[in-house]
Amino acid sequence: MSISNYLLSELNVKIPVTLIDPTTNHIFLEPITLQTGETFDRSTLQKTQWINPETNELIDQSTTFLNLKIQQQVTQFLINEANQFFKNLIKKNVNEQIDSIISFVSFLPHETNITIKQESQTLMGNFLEKQMNGIGSKTFNDSLSNLNDKKKYKLILYLLHSDLPKIVISLFENAPEFLKVFPVDNPQLMTKLKLVNDFNPDLIDRFIQVLVSQKSYYQVEQYFDYGIPIEKADEYYEGMIDQFNENRDITPSFCEHFVNVIYNHLFLSTRDEDELLLCANILLKKCVPIILNQKNLIQTEEQKIRAILHKIALIFACFPTISKITSDIFSKELLFVSCFSQVNVDTKIAHSGRKLISILLQRFYYVDDGRIHFGNVENKISRMISYSVQLPFILLAQINQQFTENDVSKHLSVLSEAMKSRLLWETKLSIIEKFVDEYSNRKNIKIPLAEELLSELFRAIRMFPLNTLPSVLSTIEIISRGSDNKPKIADQKGIQIILEAMKMNQQNPQIQSFAIHTLWEISQYSTENRQIIANLNGILLILNTMENFRKNSFLQTYSCAALWVLEVTERNRNIIVEHNGIQSILESMKFHPKNGELQANACGSLWNLAVNEENKRIIAQNQGIKLILNSMINHKNNEKVLKYACGALANIASIEENIEQLKNQQLKEILDFIFQNYSNEPSIIKQATRLSTRIN
C-alpha cells in the first residue's frame, strides 16, 4: 500500500471521475489509453491479459500509450491531498497527531511516484520540525518520549527508510528516550542515518553531541568502531590514554577498543616521537599482556584474538622507524612469557604473535656498539623468528589510502609492488581482491601497459593455492582490457598458463568461469591470441566446460562470448561445429532463457556461425530458430539481443528450407515492435530489415 492509498482512505475525499479506472473505481497509478480513446490502469489490463474490459476484444499493446497528462493530474491531486492531510493534522490533539504520523510515514517508503514521495517527505519533515521545536513543543516531545519502545523503534525505522535522517537526529535531540531503542551497532541503520560510509558532517556532530549530553558513552564507543572524523577520534583517544595513565583496572575489551580506535581512526605518521613512544608503551606493556592473559585466552575466541594481534602488527607497521626507543619495551615478560609461554606454540594465535614480533624487530631498535639489543630475549626468540617471514608491512599500511584515489596507474603500481614483495600469499590475495573490487565493473577505463605485473600474476597462477586463482584470473582479465597488454600476454605464454589451470581444475566451476572470462577478454582485437587459444585446444576446453557446468549462468555467458570472438576465423568456426559447439550454445540458451547477457552473446555467436548452409541447417534442426525467437520475445527491451538475434535469423533465412519456419505470427509481431520502437537505432533496424526482406 502506498502513501497515495493511505491519503485517500484517511481523508475520505471524492476523486474526480477523470482520474479513476472505470473498472476498479481506484485512482489511476499508470493510466494507459487505448487506440479507441478509453483509459484503464495498467494493473487492470494486466489482470484481464490485455482484453478490453468494456468490449472483450484483444488489445494491440503497440497502439497503447501511457497518458502522461492524466498521470500529472493524479500527481497534483494527491499532492494537494497530502497538504490537506497536514493542515487537518494541526487541529488534532498531540496523541492523535503522533499516531497519524506513524501511520503516514509507514507507507512513505512504498510510494513509487517520486514527485509525491519527495513532496510528502518535505511536508513530513516540516511538520515534525515545527511540532518538536515550535510553540507547545514540550507537550509534543513528552508525548513522543512516552511512546512504548516498539512504537519508538518503528518511527525511527520508518523515517530512515523514508530518507529523513535529519528528522531522526531531531528526534534524538528533542526526545532523548529514542536513543535507548536505537541500535548503534546496526550497520544498515547507521548507513541510513548518514553516519557511516556516506558521512554527513553536520549530522555526525549533532549525533555525538546528543550522545555525550545524555551520557550514552557505550553508544559513543559503538559509534567510534564504525569510523568517524579524525578530530573526534583524537578527543576520544586522549581520554583513553588518561585512563591507562591513571592505572585504572583495564579490561581486555577496553584494550581491544583502544586498538580499534588507533587502527581505524588515527594517522600515526602525523604524531611526534613522544606520542608514538607513549602509544608503543601502552600497546606493548599494557594491552598485549592483558589481551594474552591466560584467563582471556580461555574465554575469548581464537579468531578474535588473532584479529587484534594482526591489527597491532599493522599499527606498528605504520610507525616511522624509531632509533631512540628503549629496550625495556621488548621485555622478556612481554615478548616471551606473554606471547608464547601461555599459548601452545603450534596454535594460530602463536603464529599471529610471531608476526607481531617480526614487525617489532623491523620497526624498533636502538644501537649499542653496532649491535641490536632486545634485553635478554634475543636468543630465545631467534628460533621463533625463523618461522615468520619478514614482511614489508609499510606497503600494506599504504594500500587503503592509495585505493581511494581514482588513478589506475597508481593502483597497478601498488599491486605490482605487492606481488614482487615478500608478502605472504594471503596478504597479496587481499590486495588483488581490492583491485578487482575497484575495477571489475569499470569497463571503459584506460588500462596502461603492465608487463611486469602480468608476469607476476602468471607466476601466481602456478604457485598460489587454488582458492586464489579466480581473483588472480579476474585481475589478468581487467589488465588485458588495455590494448597494449594483449600481445604481452601471448609473449609471456600467459594463454598457455591459463589453459593449463583449466585442464588441471576441470571440476572447479569458479576457476573455469574466471579463466573463460579472461580468455574472452584477451581474444578481443587480437588475432594472435585467438590463434594461440585454438592451437592449444582452448576451444575444446571451453566446450567441455560448458557441458560440465550447464547450470552455471556466469560460466555459460562468457563461454558464449568467448566462442563468439573466436569464431572470427573459418578454422575456429569449423572446430566449434565439429565438436557440437552449435548444440552447446543452444543448450545454454535453453537453460538460461531470462539471462539477457547470455542470450545476446549466444545470438551473436550463432550469427557468426550461420555463414554456410550446413551450419544454418544444424541451427534450424536443433530448434535454434525457436530459441532465438523466444530470446527476442523475452528480451524485447534489450537492444543487443534484438540486434544479434535479427542478424542470426537473417543469415539462417538465406536458405529456402528455413524460411517457412520463420514465417510465423510471433516473428511478425516482434519485427513490428522493433520498427515502431527502435526507429532511432539504425544498427537494429538494419538487421531487422535484412530479416524482414528475406522472409518476405
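Each residue's number is its place along the chain shown, starting with 1.
Glycine residues also receive a Cβ, built from the backbone N, Cα and C atoms like all the rest.
Per TrEMBL, the features are:
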- 15-80: domain 'U-box' (DOMAIN)
- 492-673: domain 'Protein zer-1 homolog-like C-terminal' (DOMAIN)
- 580-624: repeat 'ARM' (REPEAT)
- 623-667: repeat 'ARM' (REPEAT)
For the repeat 'ARM' (623-667), DSSP counts of helix, strand and coil?
35 helix, 0 strand, 10 coil
Counts by DSSP class (helix H/G/I, strand E/B, coil) across the domain 'U-box' (15-80):
25 helix, 12 strand, 29 coil
Calculate the per-residue pLDDT averaged over the domain 'U-box' (15-80) and state the result as an integer.
88
